[in-house]
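Database features (TrEMBL):
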- 12-26: compositional bias 'Basic and acidic residues' (COMPBIAS)
- 95-135: domain 'UBA' (DOMAIN)
- 195-235: domain 'UBA' (DOMAIN)
- 1-26: region 'Disordered' (REGION)
- 145-174: region 'Disordered' (REGION)
Amino acid sequence: PQAPPKMADISSEEKKKQENKAPDKDAILKATANLSTCNTERAVTQHNIKDFQTELRKILVSLIEVAQKLLALNPDAVELFKKANAMLDEDEEDRVDETALQQLTEMGFPESRAVKALRLNHMSVTQAMEWLIEHVDDPMVDTPLPGQDTPGVAAAAAPAPAPAPAPSATASLEEAKQDELTEIFKRIRRKREFRPDSQAVIALMEMGFDEKEVIDALRVNNNQQDAACEWLLGDRKPTPEDLDKGIDTSSPLFQAILENPVVQLGLTNPKTLLAFEDMLENPLNSTQWMNDPETGPVMLQISRIFQTLNRT
């Protein structure tokens, strides 16, 4: 067997540890007690770098308003957004939260009804279940959801050229086009509404929180369950209402973004508006839009401008 270490070896090791030990506060004060103070008024540089992701939401809210106004001036705006809306319809057609659907079918609800209830209630299991119970005797309960298509402007479908309309008729057509465009914008926003992670909702509700406040917490914290839990247990800031506030449009940052040629060109592209809407409610999709050849350059310029002005 190996011989036990001698006392001299142990004391030597302890001595080395003591020599390598960092001084504590008392030792530092004792060693510097006789030194004179100097440079006490030296300014300390504060690096108050704002979180880009936090500010990006405010920027997107304000840029969406600008993009909608610019795109409304395009004579082909309605048709452009009908196509964009159709793309979203295809994207959303089969998208159902599988976990939420399984929960409802395990309760005994038919799958087709469960799918309809989930789509009507933004994938909320609790609200979908309440809807199913309320409509169990409704003869229309199994009727498929109506299509999202809206009738086009009659003038656009005319096969032959029509006489020039009177000024009042032109004004009416313009108003109709604006109304239809506004409705399309609303539908696009509804389709991009926040979808809470159903498993996170269940886990947080099991802790005793109400479903509405759980969904608010997940929305504020980008569907991150742990962060949402901390928000629920803390001061609950920022609030869900804060998420809908834009950036100060007179700020140097926003003005610099609007003056950038790449951003200006991007704001006239309907796809950019769709990207902004999507990132607003689903921040985790930002990477997808950053890699898109049409929207990526716009996002890159916004990021560069933010970082440049934040260093000054």
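Using N, Cα and C of the backbone, Cβ positions are placed for all residues, glycine too.
TrEMBL: automatically predicted annotations, no manual curation.
Residues 97, 99-100, 103, 122-127, 243, 282-284 of the same chain lie 6+ residues outside the domain 'UBA' (195-235) yet bring a C-beta within less than 8 angstroms of a C-beta in it. According to DSSP, the domain 'UBA' (195-235) comprises 27 helix, 0 strand, 14 coil. DSSP assignment over the domain 'UBA' (95-135) gives 29 helix, 0 strand, 12 coil.
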